[in-house]
Amino acid sequence: MFPTFTGNSRKSRNVNLSGQRAINPFTSTSWSPASPVGASQTVAHAQAERQQRQQERDRLKAALRIQRSWRGHRVRRGVRLSRRQLLDQLYSGGATVDALQRSIRGLPLILAVFQASKPEDHKRVRRVAQDLVQTRFGAFASGAVDASRMDKLTRVLIAVLERLDTGSLQSQAQILLEAVDGILNLRPQSLEQVLAQYYKVLGMCCHQIGPTSHSLDLVRNAVVAPLIATHTTRTFIKTAYHEFAFSYLSQHDLLLFEQNIGSFVEDIDLDHLSSSLLAAPPKDPKTPEAQSAVLWLLAHFVSLHKSKETSESHPQYLKTLYSLLCVTSDQIRAGFAPPDSRGSGERELDEAPEQNLPPYVSNSLATLIDKDEISGLLERFTVNYGESPDSELEDASFLAGYILTLMYCFPGLGDDIRMRLYLADISTRNGPVPAMKFFWDAMIKTSIFSAIASNEDATLDVLRHQRSSAQFGAATTHSQWHREWRTALLFLELYVFVLRLTDDDDFFGGLNPAMDAKDSGSRLRSSSLSKQELQRLTRFLKHLSFTLYYNPPESLTGVGLGSDTQGNLDGLLAHSARRRSPLNPGDRYKAATFVITAGIDFSTFRNLVTTTMRMLYERDSRRPFLPDGHWLMTSKFDMGGFLSAVVLEERRQHDIREAGEDDDEDGNEDADEDNMDVDEHITQTYAGQRRSHHAYMERLRAQQKKAARERMLAAHGPKLEILRNMPFVIPFETRVQLFRQFVHLDMERRRGATSAFEGDRWRPMAATHQAQITRGRVFTDAMSAFWDLNDKLKEPIQITFVDEFGMQEAGIDGGGVTKEFLTSVTQEAFTQDQRLFITNSNNSYYPNPCAVDQQREALRAARIPEESNAWRESMADLLRQYEFLGRIIGKCMYEGILINITFGGFFLLKWATANADTYRASINDLRELDEELYQGMMRLKNYSGDVTDLDLDFTITDQVSLPDEPVRTVTRNLVTGGDKVPVTNENRPLYISYVARHRLMVQPFQQTRAFLRGLGMIIDPGWLSMFNQTELQRLVGGDSSEIDVEDLRRHTVYGGVYEIGEDGEEHPTVKLFWEVLHGLEDEERREVLKYVTSTPRAPLLGFSQLRPAFGIRDGGSDEDRLPSASTCVNLLKLPRYKTAAVLRSKLLYAVKSGAGFDLS
C-alpha cells in the first residue's frame, strides 16, 4: 500500500503484568473496576442464581425430613406409650390373666417398647422375665411367640443386667440370669452374637456381688452354661470359651469366682480353654489396661488349673501357660523383683517403674514356682514326652521355653528353679535320666548344634537362617530355629548352675564314662559330661561366641546402621511383646526381631554363651583336660599383621571415646544449667514439670549417645572384642606383647612423645611427682603423697627416701629408687600389715574379707556413733587404702616392675572379669579360699543321712573381731528369711552354692571393689580381661618357667672394669660368673635372680623387658669380700674372683645368707 514503508504492520502484543483482568470502564455497570463484564458477568450471575435455588431446595428437603422424623418420633412415642400402658395394665394388681397368657401378650409388647435408658422399662423386663421363668418359657414352647424373638430378648436381658444398680444387684439379677439360662437351654445360638457382652456383665456381677452370696449357684450356672450347652455347634463352644477367657477371666477382682473357684471349675474343660487361648493368643498389650487384663487372665487360668482336682494330664496347659507368660513377663518380673534390686539406688532410664501386682495375681502366679508345681510339671512332661519321635524336640523345646520364662519372670528364685530342674529325672525310651543329660541329648540332636560345632564358619549362616525363614510376629516362635535355640539355652543355664556346684573330683571323675558308672549314686557325677562331649560342647561355644563378638551385629540381622536405627541384635531372641516405656529409645530399634522367648535379649544370650565357655576354660586352664591348642582360633586371623591391626583398632576406639567424652562434657554442662535451681516443689508447677521433662530428655539423649558409641566401638574393634571376651583363642605370648603395646600407647598419649617406647626413656620428658618417703612407714607416706594423683600416678614419680633419723638418703632416682619404692610399698602392705590382705594355705594373698566388719566393730568399741562423720570417714579411709594399693599394683604392671607376691586364683579371676563384672563363685574357688570350709561342704554334700538332723539353716557366721581379740561373730542370712529355711537333702546343693557366693563375693565385696577400682584407674580393665588367673599372676610376678641364662646374658649391662671394650670380649670374672650360673640348679638361679632383682621370676617376654636392666659392675679386687646387690637398680656388685669355685661359693653364700643388700 505504501511502497516506502519498511516496518511491521502487525499490532504489537499487549502484555499485562498487573495480574488483573483488563476491563472496559465504559461498559461496566458498577463503579468497581474489578467487576466482570460481558459474557463473564452473565455466567457468574447464572451460577449464583443456580446455587441460590439449590440451597432453597435443600432447605425445603431438610425441613420435610425434620417434619417427617418428628411425626414418626411422635407416633412411635405415642405407640410406645400406649403399649406401655397396655403392659402396665396387664401386670396391674386387678388383672386376672394367668402367667402364661400374660407372658404371651406381654413379651411382644416389651420387645417393642424397650429402651435401655428408661428405668421403668427395666422393671417391665423383669416382670416379663419372671413370667417366662415361671412358665418355663411356655410362650415359646407353645408356638405362640416366634422362637426367633429369643435373639432380641437375649440382648434386652443383657442390657438390663449391664445397668443394674450395685445396691440392688443381687436381688434383681437372679430372675434375669434365670431367664438367660432358660434361653440357653432352648436356643443357645441366641447368645452367640452377644457372648462378649454377656461375660463382661457376668464379670461385673461377680465383682460387685462380693465373695459370698446366696446367688452363687445361679451365677455359676450362668457362667458355665454356654460352655456346656448341648444341641449346639462346635463353633458356638469355641466362641463361648474364647469369650469366657478374654471377656470374663481377664476382668479384675472377680471376687465371687475367685473365692468359690472350686465350684466353677467342675464344668470347665481346661483343654478347650487352653485350645481357645492358643488359637487366638493375646496380642501385644500396649496400654496399662490391656496389660492388666492379660495378667488377670493368666492368674485366673493358673487358679483354675490348680483347682482342678484330677490326675488327668492336660497337654495344652504348658503351651498355653508359656504363651501367656511370654506376653506378661515384664510385668511379672517387675512385680516379683527382689527387694535389694528394687532399692538398689539409681534406676536406669529405660527401666520400667516399680510395679506392685494385685495380691490375688501375685499369690496365684507364685504357685508356679512351688516345689510341688514344678515337680508336677516335670511328671506331666514325663507322661507326655515322646508320644511320637517327631514330637520329642517340640516337647523338650516347650519345656525349655517355659522354664526359661519362669527364670526371667521370677529373678529372685532363678536358682531355686534351676535346682528343681537339676534334681529332676525325665523318663526316656532308655529309662530315666537326669534333666541336664536329657537336655544335652536334646541339644546335640539339633541342627544348629551340629552345624556350629562341626564347622567354625557355619555359625553366621545359622544365625542368619532365621531372617530367611521368618522375622516378625509371635507365631514365628514355633519354628524349628526357635525350638532348637530354646533347648540349647536352657541346657546352658542348667549347665552353668551345675558347674558352680561341681568340684574337681566330681568334674574330672565324670570325664571317664566307665569310672562314672561305678559312682552312679552321685547326682553331680551322673550329670557330668564325658571328655568327648566336652570337646564338642567347647567347640560349639567358641565358634558361636567368636561369631557373636567378631561380626558386626547388623551383619547377623541384615539391618544396617543408620542415624535412627540401632541395627544390632538387641532384638535378637527378645520377645516381640516386650513392654517398653513410651520414651524408651529401644522402641525405634525394632526393625528386625528374632523371637525365642521372653527375657532372652541379645546381650543375655551372648553373656550366657560366654559365661559357660569361660567357666569351662577356667577349669581347663587350672587343670587341663582338653588337647593342647584346643582353644586357639588363629586360623581366623592374619597373625603376621595381628599386632599392628589390634593397635590400630585401639587407637580408633580411643579417638571415639575422646570424642564421646567431649560431647558428654558439653552435655553435662547443659544438663547442669538445666537442672540449676530445680527443686522438688518446683516440679509440681507446670513450668517445673516442663523443665524436669527437659532434663530427663537430655539424660535420655546422653544415654542414646553412649549406647551408639558402644556399638561404634564394637564395630571398629572386632579383634579387641575377641581379646576382651574370649582371649584364649590367641596365643599367650601375643597377648603379652599387646599388653605392653597398649601401655606404650598410653605412655605416648600422656607424654606426647611419639618415640617414647621405653619407660626409662620417656621419664625425663614429662613433669614428675616428688615425695619424701620414710623407711618403716612407706605405705602411709606413699598414700599421703600420691592419693590425690588418681590416674596421674601413671606418670613418672621421683622418690627420696628418709631414714629413721630423718636424714635423706643419697642418690638420684633414675628408675631404681622408684622400683625400690614400689616393691617396698607392696612388701609392707602385704607381708607386714595383715589387716588389709591375708593368705590362704598356699600363701596366696587376697583381701581380708573381715576387714570391713572388723573396722565397724573397732569403731563401736571406741563408742563412735554410727553414721557420724567420724564413722563414715574411718570406713572411707579403709576403702581408700584398698583402692590405693590397687593403684600401686597397677603402677608396677604399668612400669613393668615385677613383684614377689602371689595372689589367690579366685581373686585374680575377679581382675579378669572386672571389665564385664561376670565373676561367678564356684565351689572350687571356695577350696582355694578356705580348705577347711570346703571340706565341710563336701562332707555335707556326701552326707548319706537326713541333713535336717544336722539342724542347719540358710545362715552363715562371720567373724567381726580382730585376730588378737576374743572371737566375736555375727550371723547373717544367705537368702531372705534364711534363718527360717532349713537345709534339706534336696536343697543342700543350693546351700553350698550360697555359702561359696557369700564367702567369695558378698563378704569381701566392698574391699574387692575398692581394690579393682584403683587397679582399673591405672590398667584398663579391658587389658586385664585378656588373661586368665594364671596368666595374670605371671604378668604381675614374672614367668615361673626355667631361667634362661643365655637370654639374661644377652640383656645384661656392665659397668666399671667389667664394661665390654672395643674387642667385644667379656671380662674373665664375668665369664666365670656365667659359667657358674649355667652350672647351678634352676632353684639356685632363682635365688640369685631374687638376690639382685628382688623377684625370683623372669619377665614374661624375657629379660629384655626387665626394668632397669640386669647389671654387673666391679666390686673390688678383694676375693674375701662377698658379692652385694642393689635391688633398686637390679645391680650385682661382683668382686674380681679368679676361680669359678671361689665365685660359686661366695655367690651362694651371699645369696643364701641375704647379706650385702645396699643402695648405690
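Heads up, the Cβ atoms here are built off N, Cα and C, so glycines get one too.
Whatever TrEMBL says is automated annotation, not expert-curated.
Taken verbatim from TrEMBL:
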type	residues	note
ACT_SITE	Cys1128	active site, glycyl thioester intermediate
COMPBIAS	26-44	compositional bias 'Polar residues'
COMPBIAS	47-58	compositional bias 'Basic and acidic residues'
COMPBIAS	660-677	compositional bias 'Acidic residues'
DOMAIN	789-1160	domain 'HECT'
REGION	26-58	region 'Disordered'
REGION	337-356	region 'Disordered'
REGION	656-677	region 'Disordered'
Query raised in the report: How does the compositional bias 'Basic and acidic residues' (47-58) divide up by DSSP, counting helix, then strand, then coil residues?
Result: 12 helix, 0 strand, 0 coil
Query raised in the report: So what pLDDT does the domain 'HECT' (789-1160) average out to?
Result: 87
Requested in this report: Would you kindly list the residues that approach the compositional bias 'Basic and acidic residues' (47-58) from elsewhere in its chain, counting only those six or more residues past its ends and only Cβ-Cβ distances under 8 Å?
Outcome: none
Requested in this report: Tally every other Cβ atom lying within 10 Å of the Cβ atom of Cys1128 (active site, glycyl thioester intermediate).
Outcome: 28
